[in-house]
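J.: Here it is, the structure, as structure tokens.
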Amino acid sequence: MWRGRDVITMRDFGRGELEELFETAKYMEKYAKSRVDFLKGKIMAVAFFEPSTRTRLSFETAMRRLGGDVIGFWGAEGTSVEKGETLADTIRMLDAYSNIIVIRHKLEGAAKLAAEVAESPVINGGDGAFNHPTQAMLDLYTIWREFGHIDGLNIGLMGDLRYARTINSLLEALANFDVRTFLISPEYLRPRAETLDYVKSRGLKLSFHTNVEEVIHELDVLYVVRVQRERFLDPLEYERVKGSYRVTLEILKKAKKHLAILHPLPRVDEIDHRLDNTPHAKYFKQAALGVPLRMALIYLILSQP
């Protein structure tokens, strides 16, 4: 199901494929801090036109743990992009040197263009404001590892649900499971209508809320996203929203004992740092699971049948 496939959007993947990915990632956990030769001789090219810490490092670590090598760049500085080379030509060059390409770009559709140009499989490491499929896969994998299942859970998404690219992909991923999804944000920061229409058509159960306190007692998972300055064209709008939705120890007094708090990171002040040492904090575990999850993804795409 996975061999040779591009990973551009979550809409291309169903429940069966995700469950196969999760089982493979669980197997890969034992190799996440060692090195095996599953992909010896394979090369991954990374083309990160936007800043990244966790996504880039976890992809690079994953490939090296699998026995492969990594080439590429992080920012356009010092590359032919600075000289005016087109995205398509850059991808063609990387395609000639590698077996798989990971791209991050500020423009929506950049990963799709790369996939159309390249013969090698292309993985979207985040493009535009609406797609980050491997983060959504990681988010679901963390939930699956934490609870042993996804069906039947009440999952809250809180913060900037319009401009956070992780939210769009996560909603599309959740549409493969029987969950209740609580969208907690100001009305003007709800997910875009096109995404909501799609997940509703898939049967995802949604409710809208402006205050986390009114639903915190119902949630099994609370997924928090920061207000992203770089996604706002109007700095006044950013200042107005920043810090509006924050998780504190006081709020958690009403939460279920097993509530898992997730965050794609980096955080600013939307999660009180005093929560880091509570059983609710799963965001650092979530980040750590990025390596075995991406090991599994790369392995499934590149491995022989």
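Using the three backbone atoms N, Cα and C, a Cβ is placed for every residue, glycine included.
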J.: Which of these, R104, R162, R240, does Swiss-Prot list as part of the carbamoyl phosphate site with R54, T55, H132, Q135, L265, P266?
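T.: The one candidate that Swiss-Prot places in that carbamoyl phosphate site: R104.
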J.: Return the residue, from the listed binding-site residues T55, Q135, with the maximum count of other C-beta atoms within 10 angstroms of its C-beta.
T.: Q135
J.: Whole-number Å distance between the CA of R226 (L-aspartate binding site) and the CA of P266 (carbamoyl phosphate binding site)?
T.: 8
J.: Can you check which residues sit near R54 (carbamoyl phosphate binding site), meaning Cβ under 8 Å from its Cβ, same chain, 6 or more apart in sequence, and list them in order?
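T.: Expected: P264, L265, A287, G290.
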J.: Enter the number of other CB atoms within 10 angstroms of the CB of P266 (carbamoyl phosphate binding site).
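T.: Counting Cβ neighbours of P266 (carbamoyl phosphate binding site) within 10 Å gives 9.
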J.: I want to verify one value. Collapsing DSSP to three states, which class is R226 (L-aspartate binding site)?
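T.: DSSP call for R226 (L-aspartate binding site): coil, neither helix nor strand.
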J.: Hey, how far is T55 (carbamoyl phosphate binding site) from R165 (L-aspartate binding site), Cα to Cα, in Å?
T.: 13
